Amino acid sequence: MKLQHYLGGLEGLGPITVETRVFVEEWEKRIFGIHTAMMALSPQLPLPATPSAFRTVWTWAHLRTGAEGLNPFDYFKYRYYEKWLGGISGYFIENGYITEEELEARTAEYLADPDKPLPQGGAPEIDQRVERYLAEGDSPKRDVAILPDFQEGDTVQVRNVPTLEHTRLPGFLRNHSGVVETVYPGAYGYLTDTGTDGVGAPMPVYCVRFEAKDLWPGNTEPNVTLYADLYAAYVTKPTA
Amino acid sequence: MTDRFHHPDDREARSAARVRALEALLIEKGVITSKTVDTVLNVFETKMGPFNGARIVARAWVDPAFKQRLIEDAPAAIAELTDLPEGMAGAEGEHMRAVANGEGVHNLVICTLCSCYPWPVLGLPPYWYKDPTFRSRAAREPRAVLKEFGLTVPESTEVKVWDSSAQIRWFVIPERPAGTEGMSEGELAALVTPEAMMGVAVAASA
């Protein structure tokens, strides 16, 4: 049971920090750029091949899985982009692009001399593909005809699926009943196969409406409705 | 246990050095170029950002039929605005949906699992949206959360919280502020903030 899958509704967390900036440190912009480039260069995309040495798959699912797999105390300890930096550095080491020793040694050089220049050069096709990825996106909609089991207005129950690593099911919805608000047209895959958790292959997705008073009995606010977009694998007919 | 939450004094300098080292190594090994990261950042300065969302909302305010089309089919309505930058249906905008505030409803968009955000219309998410405290509390006590943003929503107004847990990237069409009659679309767009388009604020007053 990963706490990161169950964040909705935790109590005792204290006040919101209303920080409107996207990045609070200049260095955070760099890891964001690297992550985006990795997604753009990932080989499963139908984009033109480039001379990039990047040959392994990287998607949002990989980034999320890494963050979800952290010790939950570390998940709260490290800021958002600190988690990205840890996860992405680890990925490049695990997949043999760089060694930990190289990274440590180069980090020490830049710590001693932050203004030491970056290397220059590289194939323009790499940057062209990155721009094209951002402009075209990567839709999970698949040209597969699957009839949804449910229609608008149906009551559904959220399944307590056996999740091992990664999920797209907000944990606080498990076992609750909701009403289908929208049946999204078509079928949608996901960026990775989540195994026994159930998503990956194309399937319908439903927008399901929940009453807050049912999710948090006696412990919520009046007149609040919560909607979640749920893959078909996460919902079932209510038990009698 | 108490050491777990300790950060070194040079926390930011270390991260800056580490990411610079990573970028340097990736350039040297031919994974990316020396221009790649700046290429990405430039897209979010010029093509994907809240400047797009503000123009879309301003159009919705002056043209009720467009607003209705935006609610029914956001990508098609957005495509009508031919002078928006390229990529309005691109990364993190492949399946966007708009919900409108007003008529007894206030909408709030969250992502309890991560930080899903409609990039083409709003660019990258602000820190508050990515904060686990916001993501967690908004699912159970959205009115209290909105109060901390300075917004009081009366109990008679339904608060709808949209958790972006699949392919949809939600955004909010805030209500048009009073006293803005006769303003041009450009002037109206200047009143629309990213916070208003996620539902934690109303649009600025004229």
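Yeah, the Cβs are placed from backbone N, Cα and C, and that goes for glycine too.
Features as listed in TrEMBL:
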type: BINDING; residues: B:Cys111, B:Cys114, B:Ser115, B:Cys116; note: Fe(3+) binding site
type: DOMAIN; residues: B:15-201; note: domain 'Nitrile hydratase alpha/Thiocyanate hydrolase gamma'
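Shown on the structure are the features that TrEMBL records.
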residue  : record              : Cβ neighbours (10 Å)
B:Cys111 : Fe(3+) binding site : 22
B:Cys114 : Fe(3+) binding site : 20
B:Ser115 : Fe(3+) binding site : 19
B:Cys116 : Fe(3+) binding site : 24
If the Fe(3+) site is taken as the center of the Cβ atoms of B:Cys111, B:Cys114, B:Ser115, B:Cys116, which further residues of that chain fall within 8 Å of it by their Cβ?
B:Leu113, B:Tyr117, B:Pro125, B:Lys130, B:Arg135, B:Ser164
As a test of reading the model: what is the averaged pLDDT for the domain 'Nitrile hydratase alpha/Thiocyanate hydrolase gamma' (B:15-201)?
98
